[in-house]
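Some features that TrEMBL has for this protein:
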type: DOMAIN; residues: 388-426; note: domain 'MYND-type'
type: DOMAIN; residues: 1114-1152; note: domain 'MYND-type'
type: DOMAIN; residues: 1563-1601; note: domain 'MYND-type'
type: REPEAT; residues: 71-97; note: repeat 'WD'
type: REPEAT; residues: 220-254; note: repeat 'WD'
type: REPEAT; residues: 303-344; note: repeat 'WD'
type: REPEAT; residues: 925-966; note: repeat 'WD'
type: REPEAT; residues: 1029-1070; note: repeat 'WD'
type: REPEAT; residues: 1388-1422; note: repeat 'WD'
type: REPEAT; residues: 1477-1518; note: repeat 'WD'
């Protein structure tokens, strides 16, 4: 090694074939003899290799002996002096052999895990420890040749290290490590010391409060002993490395490493110099920290080069090198002198990391992997002698290769000339597309040719196998093609035909041709133009029509076609030319469009592009052979395009021969077909269909469309697009509903102001911006639904006040019918067989009434059922089908007569489902039945389809009692179908040259509760059903086919809208989710070119999705081109270049939408309110409107201020103050909206404001801060109380009558802590004596309100005993207290009612949360907690127990505790599943779920606010604690779950708003806009692009970030 130190040397990789046996799984060099290596084999053997000396190359080493193990050897370790070798096998055995004896097995111990790690005792060569840190085991085996002992721990053991002959240290996942002392016979042990790694609860507590959900502990991941200094180093998930002196419970040195420490290793100086001792720390983020703990100021160095979590660190025995490997199998050897990398082994795609072992001379590094390789790898240090690898010259100024660090060059010219040979030995980790797109713009053309593209050139074997034309040495005019490996003839390669017969490439039919190759008259060609793939043992349906693999063809062509591979004449070959001065022969991309002729495939157009993206050559080609098929579906070329073309194939060949050399690189996709069509032989090619192979292997190949979408994020081969059009109507109020006319270019929409506006266009193709208003009709109330009858002669509206209004059209739009109903949102279903009859019902209010109306004859009938109605559809002119929540469908025959004598007759009852799959114990207790969610009638087929809660979709015939077709939806245990739609029976083809074999049979689109869409064709057995998944994340609300059947629109309950192409079932337009739980209602126009979307919450602009043809115009420079590329995110605009897209981005990003909202990075941000500061002086209370974008604020100086935004998406800074003035002379400390749309109210002492800021009610209470609780079942009923002033009064107010009524519920003994409504006339009160009282109001109320107590529940069953214990605790001197003080520990502090399950939850000071069923006055579920429960809130799915997204499908209760933690309880799950959220340090004051259930906001008495994600229960926003902690925050969510208002009773000059906005992707340090920003791990509110920016901004940011801990 001394000689190697002076000369120039490098590490080189050597692959050593051991035997012909199985793979190497583990390896270990002998600790003292550098010429001995042990390798563990997959076959169950240990092979020991021995070399003549340590300097002998590894290739000269020979097998010394083979030791039998019996199972795969997954770990190998020598003892300290090399006299024994131990193996850990796959079956859990630990086996030890002696060396260098006869190879006899010394002993064997059977462990309990399949991969025991082995740690020899360095102080006792006969003792070892074995454990398993990958199987979460809590056992440790100590053994020697005589005996063994197993230590059982309470926690999982992560790491083990010996520290003395009889002591070892063990690190656990609870944040501790223990020192155990082993007995002299290794038969017993005892713990002598226990140390906490996270004893200071610093960053470790913060980390796990955010990422561990309050359950995970700090884990000790690695420990390392330094026997020279007698010190122990430990590292773990608390992001700190600590050095301990045993016997002391406090560390002597601490280092923060900014990431989880996965591995530690000491490297002492060897000369006793303590200052030179260092520790290498490998962390999870992929870097290495070198720490000199005993130097001044804890000197550190950071080594960067890995991109994945560090797996192992290993110093060489002489300390000169450090080897590191990560979980992507990247290996780096570092020099400890300069800390520079001197060797790099690139990453691999497998995630099983390498295991490393150094030899005794530090010259060889062995690497093995548990997955096994047939060639064992060794990194060997070799002396080069100072010679250039290319020219062989000796020089002292050689430079090592910057990538592999294994060879040297004297100049760049030598490196470039040697690069083609060297690149074959270097395995790059980058992808081809990244080099072509990125590197070609940063490298010069020569480097691009020599260094980046050479590696991907196809080998001669690949050319032959994939059917490329190869040279025929016997005839230069002909080519040789290995036709049996061409994909479309592979399955028929064994067919031998005569000269007058050919095999059709499309349908496989053998047909006859004349002497000119023209097919003779016969049958037409029926084929599938799509593909069918082999997956999991069966063939998938064809991509063109989704029919089974053995189904008849879906497309018809007049002629059969064949490529005719026997005709290989007319080929030319590129010739070798003189080498250019720079060595660059050029790189070009080539593509051809082809047609089928009598002689095979001929080229119709050829395009050649250079490496800088410029078109070098492009021309159309006139075919000299008769054309059988222009293949227009893929080529886009018609016969008319070639009328004036004179360029022949010979002209193209001459140009290409002049342009190309035999060494010029041609790049393309499917180049074998292009070269055959061009009749050209060229061997230097890169084919992307081969570089990126198909997962199924040949002959399958991936399409260019798929590759572009996956790697370039671009969508190609599209023929039109949808655009969003915002149609400015008038200055009226919001649009609530819309409906297109069934035949004419007419659109009707209802306004919030009670008007209906009708627009008309010149024709269906006229843009919506040119449509004009035709009628403006007065409705009287907001039209929440609009429907045209079948022929478009009548328009019906369902109004907010329960009215049904019908107008005639197009004569004068006169009102012809009006009737008021009891429901406030009637659904309208016109009779398609009788244009004057319609049905109206309400499926959202559990209504049992269906109103049948003849609007012309003014006749009606109330169809009343015993069950709640879910869906209604007409099946004949007099028969109507109704589905119910008891699993049945009833078909009624209606006869509408004069004078109110209309009748109905039950024609048929269909039992859809008699069983229901209970998803929880609660559903079983409640006896829930299977609801029939949806029914749809198909008149052409005379079939009725139904979907029920049991997951079955059934098709019924009126002539049978049993279903004729059935389908069980995927994942039926957690999902079912909630909406159905039949496809149009007539399905016109978009390709005029294609004849269809038969009419397409209608199929069903089924929207499921889990957000997926099932496509099912019940009448076509050849078509297999399939599911469109991973696009919607919420329950489907509506699926609707366009009238022509080409598109399917789908929308969910988060307002995400997707338009699918039914041709290939691809997404062609998306509107992302908004988070508001009021979904879109969609309406197609008759031409299938416009889609209207409206929402009941209302927007000021009606949103229309309009289909337009591709205009071939760049959105930035406005230049027309055929090579435009669409925006990869919104798919609505085109660009000609990346430069144009970049320049247009600042304007386009304002309206740009993501295809999937989950791709958009969002966060919560604290914002002010701009110019509203003067008006919002000292806000004391605030409340968002439950539906609309409106906010009411109560001020300290008295009065209410109302703010309103144009929509929920409007920034809060742009909200305007409405001119409604509500003066009042006292501070308004509480304000609440009721549960309906119309009235709004705010309370001071006690007052209600309604309509246009008119006060309708006022009552003076007895306390200074009345809390308000509106009745969710009765919008005119409220309760008011005071839980902070020990009040015994609850005031009830009824605003329904002209003169408001009031009543006061009084208690002589108990103080009321909490109040909640449980029905329209029942109120629950939680008292301080541990009881819950249910008070019932006389209903309907008469002249005065009367209440009586109907039920009393005792929350604490051991109340008297608890009083006695409490008195002893609080009054130890024996002095008695008042009854109030004695009862405090039994207080019921919070109650919460769940309307879906009719259950009441309560929590109090007895440290229990209980769920009550009021039917039997008993607890159904009980949860014991560690502290007093201060507040409770339910978060249910919102739709019973129907399966929705994972975040909301499980009903849960959030419990805020006195000690500051939050308990998430799933009471209906197995074993009462719970989750603790840690982050608050003081008593929880309020918990509030967002309306969509995705977020939970919590605030404590120190004014600290945290927003949690209910998907993973991580904190996503933190507002730090305030110094003024007396009065906590009060929170209010808006309807869209995007804004959280916070106010405080002490008042602020600026109202605080936490707004959920799109990430601006701007670094807080350098202000650069980037895509790869990372959020501050503590406050989650700002972003940084690098750690340097974070460090520079930290002095300012820490002022507000530090308070979050």
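The backbone N, Cα and C atoms fix where each Cβ goes, glycine too.
Note that this is a predicted model, so its numbers are computed, not measured.
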DSSP composition of the repeat 'WD' (303-344), residue counts helix/strand/coil, works out to 0 helix, 23 strand, 19 coil
The repeat 'WD' (1388-1422) - residue tally per DSSP class, helix then strand then coil = 0 helix, 24 strand, 11 coil
Tally of DSSP helical, extended and coil residues in the repeat 'WD' (220-254) | 0 helix, 20 strand, 15 coil
Cβ-Cβ under 8 Å with the repeat 'WD' (925-966): same-chain residues at least 6 beyond its ends | 832, 870-875, 881, 883-889, 891, 908, 910, 912-918, 972-973, 975-982, 985, 1002, 1004, 1006, 1014, 1016, 1018-1019, 1397-1398, 1413, 1420, 1440-1442
Count the residues of the repeat 'WD' (71-97) that DSSP assigns to helix (H, G, I), to strand (E, B) and to coil, and report the three numbers in that order.
-> 0 helix, 17 strand, 10 coil
Three-state composition of the repeat 'WD' (1029-1070), taking helix and strand from DSSP = 0 helix, 22 strand, 20 coil
